[in-house]
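Here is what TrEMBL records for this protein:
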- 1-21: signal peptide (SIGNAL)
- 26-343: domain 'GH10' (DOMAIN)
- GLU265: active site, nucleophile (ACT_SITE)
Amino acid sequence: MKLLVLALALVLATPALPASAHPRPPRDLRQLAQQTGVKIGSAVDIAALRAESDYRKVLNREFSHVTAENAMKWESVEPERGVFTWADADTLVENARRNHQQVRGHTLVWHNQLPAWLTSGVADGSIDATELRKILRDHITTQVRRYKGKIRAWDVVNEVVEEDGTMRQTLWLTHLGPGYIADAFRWAHKADPHAKLYINDYNLEWNAPKIETTLALVKELRAQGVPIHGAGFQGHLGIQYDYPGDWANVMRRFADLGLEVAVTELDVRMVLPVTPEKLATQATYYSRALSDCLSVRACREFTVWGYTDRHSWVPGWFEGEGSACLLDENLAPKPAYRALLNVKRPR
């Protein structure tokens with residue numbers, strides 16, 4: 001009896017741990033985003049969003065942030081000069097509004113997926129540098145203003161640095177000079193002063209020449225008072241290559257310049273066929289990427305470039321590779337999905 005009384009006294013004297021000391025594992029990625037404070041998003045295939053109810057259901061359940069995979073690129077919104085087709089982009093933005101999702105606009109200035117009227121006009125000389133600058137300004141202003149207050153962040157310039165650290169020789173650089181980058185940010189900021197404005201690139205996780213050139217570019221823009229707010233790391237990885245182990249430190253270098261950072265296009269491909277061992281390695285890469293983001297206070301967003309292998313750009317771009325997404329073709333979660341749910345923010 002004395003032992004029972006003593007045990008009861010010890011239980012009563014022990015302070016109860018707050019519920020938050022042992023939080024329940026998140027049930028899905030949207031709840032994981034709530035627990036970690038980092039926006040977790042996916043690029044969206046507009047045709048699938050419209051036509052596939054299961055795709056739409058999972059997208060809206062799992063993600064609190066979305067990116068237009070192609071619907072906001074120039075060739076999609078202005079296929080003919082002065083003729084704008086906003087239906088796809090509007091569909092994305094409206095679906096996001098209904099499902100309490102924030103939106104990343106992608107992308108305002110890129111060297112790919114430009115409308116034919118623009119590239120042919122520059123090539124044949126019918127569009128000179130003065131007119132080209134006006135066209136770029138009008139494009140940015142029109143698109144950003146249309147979605148003012150509805151887009152959390154814009155990828156203003158995309159992939160402007162080559163692998164060797166030189167500036168990419170695009171038609172923008174060739175005809176407008178390097179000042180087009182600062183102009184693009186200023187025009188976007190004027191059109192929506194509250195949107196976060198990003199520079200976005202691939203292999204920025206590990207490629208030293210690209211990292212150094214991009215850092216120098218950001219420093220120069222900041223010194224000029226250009227409204228640049230963030231650096232986006234695309235994160236197109238493959239398990240046949242080493243994981244970029246210094247990624248968190250690279251993010252910190254950009255954060256030290258006063259920027260927020262984001263993982264903007266993550267996928268982790270593999271050489272086919274799929275095996276359990278490859279899926280386990282893929283899960284490790286995904287969880288490490290999220291852990292790196294969570295270890296950097298300035299990392300605001302963690303977006304995958306499509307969440308299902310049913311709609312992935314990888315097989316069409318990398319021959320013999322695939323299975324790059326969190327869910328398979330049937331929308332069944334892969335080990336990588338479950339691995340993300342177990343990632344916690346460092347204390």
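Placed from the backbone N, Cα and C atoms, the Cβ positions cover glycine too.
Please treat TrEMBL annotations as automatic predictions, because they have not gone through curation.
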Number of Cβ atoms other than its own within 10 Å, given for the residue listed as 'active site, nucleophile': 24
Segment-level pLDDT (mean, integer) for the domain 'GH10' (26-343): 99
Three-class DSSP secondary structure - GLU265 (active site, nucleophile): strand
